[in-house]
Structures are given as C-alpha cells and as structure tokens.
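Notes follow once the structure below has been shown.
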Ligand code: BTN
C-alpha cells in the first residue's frame, strides 16, 4: 500500500486539526476502503500515530521520530521556491552533499539529514549533529546576486530563524551578531554561508543551518555543556520537528525575497531589537584583531561598530564574540 502513502498522508496532514473518514479518503483518491485501511496500518508501522474514532475517522496526531521521506517531500512541495529535496538518514555533512548536488541541478534545493558524521561549523569547528534531536539542513539558493550585497545575507537569515524559533517554541531567541542564535546566553543554532559564482556576481548561496531542537542539556558534552542549549531544554516543550521545518522553510524563503528586494537598512531596527550584544562589554575577534569593548551601532551595510575603553571605534564585518 506504499503507493497510496503519500496521497493519504497529504490529506491527513492538511486536515490534521480534524478527523477524516475512511470513506471520504477513499472517495477523494478513488481507491477502496481496504486500500485506505491498509495504508493507515502502514503509516502506523512507519512511526506515525493516528487517532481513530468510530463514525469520525482518522486524525494524524504524531510523526515519526526520524525524518520520513514522504512527509518531508510533502512539506517541501508546498514551497514556491525550493524545487528539489534530498533527505538522508546519514551523511558526512549536508553542506558537502549540497555541493555535489549542485553539479546535477540548476534549481534551488534542500538537503536534510537525520545524522551528520562530519558536521562542520564556522572556523571549521566540529558541529555536533545527533540523530532525531535537531534539524541539520542546507538550503541552496540560485540567483545572481551582486557581490556587494552578499554581506547582508546572514543578517536577513538570522532574523528569519530567530523569528521562527520564537513563534514555534515561545523561547526568547536572540541574535548574536552576525548569525548565531542564542536562548538564555546559550547557543541553539548556527549557520554557515558559502557562495560560488564568478568575478562579477554570486550565482549560488549554500546556507547550512543547524538547530538544536529536542536535546536534553545532558546531551551536550565537554565545552558545549556550558555553552549550548536546545529549544526543548529552554522551554520544557518537545518540538514537532516537521512543524518547525515547515515554518522555517516559509520564513527563510521570505527572508531570501527580502534580501533580494530590500536593503539591510529596511530591517536594521528589527534586527537590532533581536540582538543580545548591546550594553555588554564583550571580546570581539576578527582574524588577528581582538577588541574588548561595547557594541554601539550597526552600519546600514551590516557592519558592527564597537567602542573600546579608550573611546576608539572599531568596525567589524564579521567576528567571533565571546559572551
Ligand atoms: C556555526 O555556528 O558554526 C555554523 C554551524 C552550521 C551547522 C550546519 S548543520 C547543517 C550544515 N552542515 C554542516 O556540516 N554544517 C551546517
């Protein structure tokens, strides 16, 4: 009955606030009641939970712990921008897979993996990517973007991610300039943006996003034990990863359109309100430049201005900031 899984899942997913009768599903899809029943059994075997009530029908109540290919396909199909998806149980890094897939297609696409065995963060740091706990994905945007504009891409994206986290979990997500997302001064999300193109313009933006969703604090080892958190650890509520993924996708698509059509100055005020670095004396490291000081302003191009104890102003394009 695997051949009806996707269609039945689609009906149940889009009507998940209510019950759908077996009769109604059978009529909608022009299949037999037995085929519906067998497919419902298959969904249950594959980790979906359904409530079934006599005379009312079926309601989708829970999703599998691991990413389900058909469910992810359904969610990504709703996107007006991303045309393809690649969903894996295990890869080295979605970022590496995305770069391979770019050779096969010119369309925008998404790569998601349950586990990454060699997840990478900024400054080539290791990125802890445990199964069933987070969202490890790469979004590949295809668009000619002038070189001068790319600096603000991370700013648009970080605002989109922070907004999604706030909306889905209720946690007070903050942005640590330029593109880390924190809750209660612990990191819950980071992303990595790589680009390719030619000397005049960028053609591809490869944005790898890692979000800790359902980790316990005890899942974080070594230095992460005091630095990392997850949405569940911060709120006490388990996050529905599918719902989170769906909302994030909508939000990053919108952020990408804004990035193309607007200037950073149009969202600067909102971005600054989400930021957790103001009125704090912090250490900023950019290459060999290390400054201890207080962030005082952002430029319209996204650069940060930090004032040190002597009153000297320092401009940063991107920096590692210790909270
Ligand atoms: C950072 O804060 O240092 C960036 C972390 C980016 C992690 C994500 S997880 C999905 C994608 N694949 C990777 O190997 N890295 C990014």
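Using N, Cα and C of the backbone, Cβ positions are placed for all residues, glycine too.
Quantities reported herein were computed from a predicted structural model and do not represent experimental measurements.
Annotated in TrEMBL:
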{"type": "DNA_BIND", "residues": "22-41", "note": "DNA-binding region"}
{"type": "BINDING", "residues": "116, 120, 121, 122, 187", "note": "biotin binding site"}
{"type": "DOMAIN", "residues": "68-260", "note": "domain 'BPL/LPL catalytic'"}
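Fewest Cβ neighbours within 10 Å among the binding-site residues 120, 122, 187: that distinction goes to 122. For residue 116 (biotin binding site), the same-chain residues 6+ apart in sequence whose C-beta sits under 8 angstroms from its C-beta are 90, 91, 92, 93, 94, 127, 129, 136. According to DSSP, residue 120 (biotin binding site) is assigned to a strand segment. Ligand 1 lies under 6 Å from the Cβ of the following binding-site residues, listed in sequence order from 121, 122, 187: 121, 122. For residue 121 (biotin binding site), the number of other Cβ atoms no farther than 10 Å from its own Cβ, over all displayed protein chains, is 16. Listed as Cβ neighbours of the DNA-binding region (22-41) (distance under 8 Å, sequence separation of 6 or more from its ends, same chain) are residues 1, 4-5, 7-8, 11-12, 50, 52, 57-58. The record assigns 116, 120, 121, 122, 187 to the biotin binding site, and the maximum Cα to Cα distance across that set is 19 Å. Using DSSP to sort the residues of the DNA-binding region (22-41) gives these counts of helix, strand and coil: 17 helix, 0 strand, 3 coil. Averaged over the domain 'BPL/LPL catalytic' (68-260), the predicted model has a pLDDT of 96. DSSP classifies residue 187 (biotin binding site) as strand under the three-state reduction.
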